[in-house]
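Working notes, beginning with the structure itself.
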Amino acid sequence: MTAQRDDRFRRLLRWYPRPWRDAHGSVLLGTMLEQAEHEQREGPTGSETWAAVLHGLGARLDAVFAVRVAITALCCAVVAGSGWLWAATTGSYSPWGSLLTTTVSTGVVPLLGAVSVVASLRHRGFFSDARALALCVIASVAFALNLLTQLAWSLGFDAADAGVASAGLSNFWAPLVLAAWITGTMALALTLEALFARARLNRAGSAVLTGVASVVAAPVVGVMLLSAPTSAILALGAAFLAGTTARTTRREAATPALRPVLRRTFPAGQSVTTRRLIRLMGTLSALAGWFGVAYAVTGSQWSPAATDGTVGMRQGILILLIAGLPLLGALGLVLAGRSGYRRAHVWGPLGAVALSFGATAVAYAGAPDWEAMAPAMLAASAFSALAITWWMAPRLRLARGLARGLALTISVLSGLIYASVCGMLVTPTVPFAVPVVATAIAIWGGRWAAGLPSSRGLSPVVVRATTTIPENENR
Amino acid sequence: MDYNGSMTVPMSQPTFWILIALAGQRRHGYEILQETAAASEGAVSLKATTLYAALERLERDGLIQPDGEEIVNGRARRYFRITGRGEAGLADEVAMLEQQARVGRARLGREPLTSLRTGFAV
C-alpha cells in the first residue's frame, strides 16, 4: 500500500518541469507524504491534485520559457517581415502567401509576445500561477478571434469591391468583433487587476478603473496589434523583458562574484572640459538641426538653391543628417561617462548610426525617384539594424556562456526585425529627431555626463558597493 | 496579490502565517504546515504544493532562505529560516495590524451609542 501511495503522489510531480523536479521534487514529495500519513490518506485529494497541476504548469512559465517564446516570436516576425519585404520589392503577390504573412505577423507574433510577457511577469512575481495560466489561455483565444475578425473584414471588403454578396467567414464579422472584444477585455482586466493591486489602490476604485480601462483599451490594443510593425515592437519588448528577467535572476545569484567587476567598470563621469564640449556639440547640432527643419519646410520660398518644395525638403534632410554628426559625438561622450560598458559598445553602435545617416544622405541625393533611393535606404536600414544589434547584445548579456548566446540571438533578431519590418518606414523620419535630441543634450547633457552611473538592474547591495566609491570624485 | 517585501503590498494570510511559523525557529515543510494550521487556529490550511509555491516566492523576495536538508525515514526534508528582511516585514505587518485593532476597539467602544441614537439597532 505504501509503495502505491508513494506512486500516486510521485505522479503529481510530472506536472512540473524537469529542472524544478530536480531541485525541489524530492522535498515536495516528502512533505506531501508526511501530510498524507498524518491524515491517514492513501492518495492526493482533489484539491491537492488541482494545486499541483496549477503550480506545476505555472512553474513552466519561467524566465527560460519567456526567453524561448520571445525568440520564437522574433523569428516569426523576421520571417513574415522578410516575406513582406520580398513581395514589396519584387512586386510579386500570392493570396496564400499574403494570408500566411498576415497570420504570422498579426496573429502568431503578438500571441507569442504576449505569452512571453506573461511568463516574465509571473517569474517576477506580478502574477500568480493560476492568473498566468488563465491569461495565456484567454489571450490565445483573444488573438485568434482578433485575427479571424481581420480576415472576415478583409474578405467582406474584397467581396464588396468586386460587387458580389459577402459569404462565409465575412458574414460572422460582427459576432467575431464582439467575441474578440469580450476576451480581450477579460485578458486586460486580469492583467490590470494584478498591477493595480500591487499599487495598493482602494479595492472598489481599482475594480472600477480595471473594468473601464479594460473595456476601452481592448479594441484599441486589438486594432494596434493587427499591424505588423506594432506586433514586431511587442515581440521586441517581450524579448527585452525576458532577457532582463533572466539577467536579473542570474545576477542575483552571482552578485558576490560580480561585485568587484561592476565596481571596476563604473566610470567616475566626464571631466568639466568634456562636459563643456558636450554642451557645445549639442548646441551646434541643435542650431543646425532646427535650421534644417526650417529649410526643409520653407526653403523653396526663399533659397535660390531650393528650386521647388521637393528639392527644399531633400536639402533640409541633408542638413539634418550633417547636424546629427556632432550630436552622435555628444551622445557618445554622455553615455561613456554614465555607463559601465566598454567604449566599443558605446561608440560602435553610434558609428553604425553615423553610417546609417551617411547612407540616408546618399539615398536622398536620388530623391524623389524611389528606385534610385531604394538601395541606399536599404543600406541605411541595415546600418540601423547593426546599431540596434550592437547596442542590445552587451546590455542583454547574461552572466554565463549559454545565456550570452541567447542575448546575442535576441539582439540579432531585433536588428533583423528592424531592417525587415520597421527600417524602411522609420529610418527616413530619424533625421527629424536630431534637433529635439540635440536641444535636450545642449540643456542637460553636461549634467547627465557628470551624474552617478546608471544603477538599473543591479541589486541594492551592488549599487551601494559600486556607487559609494566614485561619489566624491563626481561632485 | 503577493507580498513582495516592499511594504506597499498587503501581506496575504498564508504569507503572514508562514513567516510567523518561521519567526525565531527554522522549520521544514511539514512542520510549517502544522505550525501555520495550529497558530492560525485552523484559519489557514495549506496544501504542500501551495506551501512550496509560497516558499519559492518568499525566497525569491528575500524574506526567507533555505537552511539545510536532511533525510528522515527515506524522505527529504528542507529547512527554511526567516531573513532579516522577512523579520522586518513581519514586524511592520504586526504593527499595522495592532494599529488597526486599536482603532477598531476604540470605535467599537463608542459606536453602539451612535447606532442606538440613529435608530439603527432598534
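Backbone N, Cα and C define each Cβ position, glycine as well.
These come from TrEMBL:
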TRANSMEM  A:65-87  transmembrane segment
TRANSMEM  A:99-121  transmembrane segment
TRANSMEM  A:133-153  transmembrane segment
TRANSMEM  A:173-195  transmembrane segment
TRANSMEM  A:207-226  transmembrane segment
TRANSMEM  A:232-249  transmembrane segment
TRANSMEM  A:277-297  transmembrane segment
TRANSMEM  A:317-335  transmembrane segment
TRANSMEM  A:347-367  transmembrane segment
TRANSMEM  A:373-393  transmembrane segment
TRANSMEM  A:405-426  transmembrane segment
TRANSMEM  A:432-450  transmembrane segment
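Same-chain residues lying 6+ beyond the ends of the transmembrane segment (A:277-297) with a Cβ under 8 Å from its Cβ atoms: 270, 303, 306, 312-313, 315-320, 322-327, 329-330, 333-334, 431-432, 434-436, 438-443, 445-446, 449. Sequence-remote contacts of a segment are chain residues at least 6 beyond its ends whose Cβ falls under 8 Å from one of its Cβ atoms, and for the transmembrane segment (A:133-153) they are 54, 57-58, 61, 99, 102-103, 106-107, 110-111, 114-115, 118, 127, 169-173, 176-177, 179-180, 183-184, 186-187, 190-191, 222, 225-226. Away from its own ends, the transmembrane segment (A:317-335) comes close to residues 270, 274, 277-278, 281-282, 284-285, 288-289, 291-293, 295-296, 346-347, 350, 353-354, 357-358, 360-361, 364-365, 428, 431-432, 434-435, 437-438, 441, 445, 448-449 of its chain (Cβ-Cβ under 8 Å, at least six residues beyond either end). Distant neighbours of the transmembrane segment (A:65-87): 93-94, 97-98, 100-101, 104-105, 108-109, 112-113, 115-117, 119-120, 123, 228, 231-232, 235-236, 238-239, 241-243, 245-246, 406, 409-410, 413-414, 416-417, 420-421, 424; these residues of the same chain sit at least 6 beyond its ends, with a Cβ under 8 Å from one of its Cβ atoms.
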